[in-house]
Ligand code: IPD
Ligand code: CA
Ligand code: CA
């Protein structure tokens, strides 16, 4: 009886999370319209650091979603890269990167996405990564799998699964470089050297949320990066786990907990070997 009751509550909670995810997905898709509207117009760019940009589009998308998400879950904390990066996560929180891949956006490259995670009681329970330029929307709900829709919201969703690649020699690796790369280029180059020498290839597309989504979708076998923020990884972390992959800190063993020192995400099979690439 106790187990059945527990299952009932688990089921009810998953249904609530699925409903929240569906509502948030609609809002994120609508915000994708802002990105598309701005895509062919001149960019208005400001510098947050030497190479860290913010455009008027990042701000417009964040403003739109801050309001839309407030209507969906009024009591949730809003942690947004551009307006509330230091907000503390409460029982419920939205974790938003309005435009992941801002440098790509500024240069007219299509690897850009809005990344949104829903945090509840100490974990990410839903995640959405939407690339309106390429017409790809990824999402996951904890316990209900990871999914991708290509084209509009009427297209059939396809369930995602990570690769089964078992050797570094056959593995395609994705990574990114922190904005502080000039200060830590030694480590960054050492990890890259190992990856280039031991794996099939390395890609650096410039949008960490998409890197994680592509790992979940089986395009990459390994992703690592130091210096990422919660808004870069919240949604993608869940996508990878729900697609059967593994996410940890760089040592390959410690739980990942938005640690800025590094995220290592793999298909699971290669996790130990991938951690070895980073042990320099
Ligand atoms: C950046 C991208 C990039 C990664 C950087 C991130 P932003 O996010 O995800 O791939 O290498 O570390 O900060 O600034 O475009 O939102
Ligand atoms: Ca980002
Ligand atoms: Ca961003």
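Every residue, even glycine, has its Cβ placed from backbone N, Cα and C.
Copied from TrEMBL, the annotated features are:
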type	residues	note
BINDING	81, 97, 100, 232	Mg(2+) binding site
Among 81, 97, the most crowded of the binding-site residues [Cβ within 10 Å]: 97
Binding-site residues compared (100, 232) - highest count of Cβ atoms within 10 Å: 100
Listed binding-site residues with Cβ under 6 Å from ligand 3, out of 81, 100, 232: 81, 100
8 Å Cβ shell about 81, 97, 100, 232 centroid, Mg(2+) site members excluded: 96, 98, 99, 115, 208, 209, 229, 231
